[in-house]
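*Asks:* Encoded as structure tokens, here's the structure I'll be asking about.
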Amino acid sequence: MEALIPVINKLQDVFNTVGADIIQLPQIVVVGTQSSGKSSVLESLVGRDLLPRGTGVVTRRPLILQLVHVSPEDKRKTTGEENGVEAEEWGKFLHTKNKLYTDFDEIRQEIENETERISGNNKGVSPEPIHLKVFSPNVVNLTLVDLPGMTKVPVGDQPKDIELQIRELILRFISNPNSIILAVTAANTDMATSEALKISREVDPDGRRTLAVITKLDLMDAGTDAMDVLMGRVIPVKLGIIGVVNRSQLDINNKKSVTDSIRDEYAFLQKKYPSLANRNGTKYLARTLNRLLMHHIRDCLPELKTRINVLAAQYQSLLNSYGEPVDDKSATLLQLITKFATEYCNTIEGTAKYIETSELCGGARICYIFHETFGRTLESVDPLGGLNTIDILTAIRNATGPRPALFVPEVSFELLVKRQIKRLEEPSLRCVELVHEEMQRIIQHCSNYSTQELLRFPKLHDAIVEVVTCLLRKRLPVTNEMVHNLVAIELAYINTKHPDFADACGLMNNNIEEQRRNRLARELPSAGSRDKSSKVPSALAPASQEPPPAASAEADGKLIQDNRRETKNVPSAGGGIGDGGQEPTTGNWRGMLKTSKAEELLAEEKSKPIPIMPASPQKGHAVNLLDVPVPVARKLSAREQRDCEVIERLIKSYFLIVRKNIQDSVPKAVMHFLVNHVKDTLQSELVGQLYKSSLLDDLLTESEDMAQRRKEAADMLKALQGASQIIAEIRETHLW
């Protein structure tokens, strides 16, 4: 019966030697209402007076009590020094380190002092546990937890929600699936009102780990007994119901020993419950608890075995990553260089062994930069951004020189469209920079995840990082130059014969023709009414005549781009069509710039430029022709409006063609001059820079803590293998 628990304690000690708390040993948690006899039951199991006793609330902090069985011959225990203590039983607290207590009165006093230190001296309760280990030849190997008793009404310094606090504290301990619940209920209370059984069923509804203990059998009313309760006829408990007799307060005051109490308990049971005496009492409770603990440990063994195997595999892998001491430095260096270069290229290709799941990295991020970041940035560039009407008119006038232009010069279109195309260079260079940064990040990714062997040799790691960084740094200006040339190529020749550009011009011609027809249909009625009222040809009407409503609305508008209306023919004074006919438009963009004489006359009639000079020169300052002219806001003429509109449409059409070319060619250039070049030359560059006999000893110098890490991993692996062997022995020898 006692053979299994020492093995589990030994297993726990194996992990404690390496500073790990891996296995949760099954605990026996004692719960019950206040003054139900929980501490008395624990004292009976220990066999000594070591817990504070009294009326009211006494246990105000959880007490984790570990009972350790020792042989009667093993009396001398040392504290790690030459001097030790000579005792048959002793105790040790966690908070007092290696101090040993041979007087159990001192243990009880230390529990009271430690309780008051945290919880105060006025019935306060604290969830912080007290750890006590008791060594004795009179106990079996058990771990018990004594909890504060459940109460309803706060007293002393207890908060108003003391009932809820204690309930949460109890649930925290009994919710552990590896615990056995000892539900203590007094025999002089109704079993149906047991708070201990009620809270136990909340976490253990099947009753698979709940054992009921009935205390105070000797305090029942005269003429009554607990026969029905002990036999499970009132409330059945799956693991059983055990009755015990505790010492009374008078017995404690009279210094009655636990041994005498157990002897008197046996006599009482033989007298009152002779048929149940062999299945009740403190000794039977201890044996039952030990048996339940054994079965519970047996059920936990498969999980413990699995956890140990997983940890052993992890530490074995860690030890392998640390590697063995280097024998052939030349081969080791070449192997590490080759492995790093392979992992670097695999990370770009997406075939690396260690793939990130939390974020994009490597080739996936480069793809995201090309098609998401760079693509969206180019699409956000406005083809007409930074251009206004004044800029366009100024470019047109500067391109014509001193001569008035009959058509819009092509030079102005090229000048303006080149200005817009140049705006694509900055996001293209930024794309190169982002790809360069990602390739820098791949270095760190490979160092951390893919080639952990490099962590053994920090100097080699730093040298590899430096070589790859220099290689990337050398390729950066080459790639930037190529991207700059791609933009320069587009600027070098404006291809107005581009198929997409010709199609766009033809479509715009059709749109303008449609706009002319629509405007003519709207203006003919207004022109006819004006002829009847003024009797003057509309083309020669005085400038002072008010324009029709449509023209007035036009006059109020600002200098913005819109679809300017043009007439197809000008009506004569008699209502007929004038001599000015429409010239046919051509298929290229020059056809958009032609106009008819009637259109010019109508434009002059509709809007006269606002005079810039003062009406009375005598009253103003003298005009100096050498002064720089100041731009004056005025309404554009119909021709100026049309010229601006045509130029804007042409710029937008050609800009979209160039943007499409840049969006396609820049990623290709980056891949060829930066990414693929680095992939192809990385290994040869690393070998050429680092694979030298003069650098072997320096590069393959291990870090100072690597040997310590290797030793710790080996010790942990050895401890895990020992634990696995112990579990195998338990399974083969004791359980199956």
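Cβ from N, Cα, C; glycine included.
It should be emphasised that the depicted structure is a prediction, and the values quoted were computed from it without experimental measurement.
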*Asks:* Looking at SER136, SER616, which is the one Swiss-Prot tags with phosphoserine?
*Replies:* SER616
*Asks:* Candidates are LYS272, LYS305, LYS597; I want to know which one Swiss-Prot annotates as N6-acetyllysine.
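*Replies:* Among LYS272, LYS305, LYS597, the one Swiss-Prot marks as N6-acetyllysine is LYS597.
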*Asks:* Quick one: which of 93-125, 522-554 does Swiss-Prot have down as region 'Disordered'?
*Replies:* 522-554
*Asks:* With the ranges 215-218, 223-226, 251-254 to choose from, which does Swiss-Prot describe as region 'G4 motif'?
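*Replies:* That would be 215-218, the stretch labelled region 'G4 motif' in Swiss-Prot.
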*Asks:* Between 32-39, 72-79, which stretch does Swiss-Prot give the note region 'G1 motif'?
*Replies:* 32-39
*Asks:* For SER637 (phosphoserine), what is the tally of other C-beta atoms lying within 10 angstroms of its C-beta?
*Replies:* 16
*Asks:* For SER637 (phosphoserine), which DSSP three-state class applies?
*Replies:* coil
*Asks:* Around the C-beta of LYS38 (GTP binding site), how many further C-beta atoms are within 10 angstroms, looking at every protein chain?
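*Replies:* Its Cβ has 28 other Cβ atoms within 10 Å.
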*Asks:* By Cβ count within 10 Å, point out the most packed of the binding-site residues listed: ASP218, ASP221.
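*Replies:* Max Cβ neighbours within 10 Å, all protein chains included: ASP218.
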*Asks:* I'm trying to understand the geometry here, so how far is the Cα atom of LYS38 (GTP binding site) from the Cα atom of CYS644 (S-nitrosocysteine), in Å to the nearest whole number?
*Replies:* 97
*Asks:* Six or more residues out from either end of the region 'G4 motif' (215-218), which same-chain residues have a Cβ under 8 Å from its Cβ atoms?
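*Replies:* Residues 36-37, 40-41, 184-188, 226, 243-246, 268-269, 272-273.
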*Asks:* Between SER35 (GTP binding site) and CYS644 (S-nitrosocysteine), what is the CA-CA distance rounded to a whole number of Å?
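*Replies:* That comes out at 98 Å between the alpha carbons.
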*Asks:* Helix, strand, coil residue numbers for the region 'G5 motif' (245-248) per DSSP?
*Replies:* 0 helix, 0 strand, 4 coil
*Asks:* Quick check on the binding-site residues SER35, THR215, SER248: which one has the highest count of other Cβ atoms within 10 Å of its Cβ?
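*Replies:* Max Cβ neighbours within 10 Å, all protein chains included: THR215.
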